[in-house]
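Novice: Shown below is the structure under consideration.
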């Protein structure tokens, strides 16, 4: 008996000719094309009985075995090279027991022809009949051609109508779009017209007030007693402060009746000035300062135009939504609040044009050759500032002594040493003497500046900790983000939830999902200075580059990640972020809050961006600096955003304008110097045009925005 078969082997061979049954089985056989296309066999249009049991396709070159089964010749020969049995019934079989099945081949070919006829289109049938030499008279051909011509014309007409309909739809859509744009332009023109009238009225009032004041001063100068009183008043209030002319004239009126007569005469002069003041407004020559500010306006005209229209449209939309409460809203100067907002933007933007150095502080460290300053921060009262970097040391300086006391080397008032290179600092917003740091080893440390000792040390991060930040509203809470990737068991998770319940109302109502057994990649941690372990872990899927608390809440945090996203979390529900902001093309290196709902971000894609965390909207993109691989610092205040550049310069943006308004280069203009160093840290002084900046060479400068 033959050996037991373990299943048929599917061949994958190629050849050109089909040998007969007596051919040498060791010679490579070939497989002709099947009578049915493979897709038809897969679609199930053929009978399963016509399929080869080995390859499960239509049998080609059918061969019949002595046991009565049919196979493709190629399939059965290949099988018999390895085994001597029938793939269907395991009956003993060799190549001498297989024979051509001519009848099955003929039936398959006829079946394929019938299937092809059935699946052919009417045109295919006609074409086949003509190719086969079907007898057709000229009259029948004329009728057929006439029918085809009519059909062609119908199709062409339908195609033309469809094309015209598509064109008409496009034109209607274009017309609607242009009408909307035209209506928007008309609305904008109305805004501009109203605002021009309002500004001219207010400017006229200012000019008239100035002329009245000039006349009253002239009356004072012409009266000896008035001059004496004026001198006394200016001595009392200082040379830079002038009392109200109404108060001054009132004091003099009881002493000298001559002043009253002159005052009566001056009223006629004032009336004449008021009558002609409108025509004299344009006769005032602008000062050099005003001309410079106008040049700044024209240099950023497109951005300013967009800002103005956006503010006016927003106020108009708001007035429609709250018609009763905001209808015909005017500011105290007498014009629309949208214009008032833009006036403030225009004023703050054109006020400054450069960064001026008021002090410079070398950060040389005798014990470390590398002097990169990775972080620089002001304290709560903006009296002290701290620096940290690869020198593994936190140095605290007094700002007033650095600015007011010229010296080649300024000594820090406090110096604290760390075991590892430092990356980020954060002063406590309430406790003046507490400052937090994070380092290359993942250590998060809270220092007491008065004692120069560490208060708390947190070692849960297993990799480099990139960022740390104290909460504005809850001074005992801080957040950190790092590179570490670890697993947390259910037991550890239960302990975390226990910690959360202890810290009070800030982190209450955090749910626990008992179905989750493992949390991966825990890189954001919430700490409390009153306990030794982290109180909350937020699982992230990428390296955390920056973390920041919302300045008005301790339950909202922003996280900048290496996956190009910014995540905004509500700590009461960390299962998923409240907002996810996408738009950066590379890692997000910094996140900072300008206000409760305004978040700025920096990325190594050469851009800064601002987001509305309340409305979940991107607001603006800032370009002009260079940042492709290093962390160059980011700092914000209410109106301005500043960052470093890999060209060794500091750039300042107004938050409403996408291009830099001022910049300052460290060192010389030498290209080699620009390529060798970069700005590594920046920090604004609160509500002030003063800022600190440091570069990778260790130079620290105190800069101030200037005209």
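Glycine residues also receive a Cβ, built from the backbone N, Cα and C atoms like all the rest.
Below are the features listed in TrEMBL for this protein:
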REGION    1-41  region 'Disordered'
DOMAIN    52-90  domain 'RING-type'
COILED    138-165  coiled coil
REPEAT    581-621  repeat 'WD'
Novice: Calculate the per-residue pLDDT averaged over the repeat 'WD' (581-621) and state the result as an integer.
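Specialist: Here the predicted model's pLDDT, averaged over the repeat 'WD' (581-621), is 94.
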Novice: From the DSSP assignment alone, can you count helix, strand and coil residues within the domain 'RING-type' (52-90)?
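Specialist: With helix first, then strand, then coil, the domain 'RING-type' (52-90) has 10 helix, 9 strand, 20 coil.
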Novice: Would you list the DSSP helix, strand and coil counts for the residues of the repeat 'WD' (581-621)?
Specialist: 0 helix, 25 strand, 16 coil
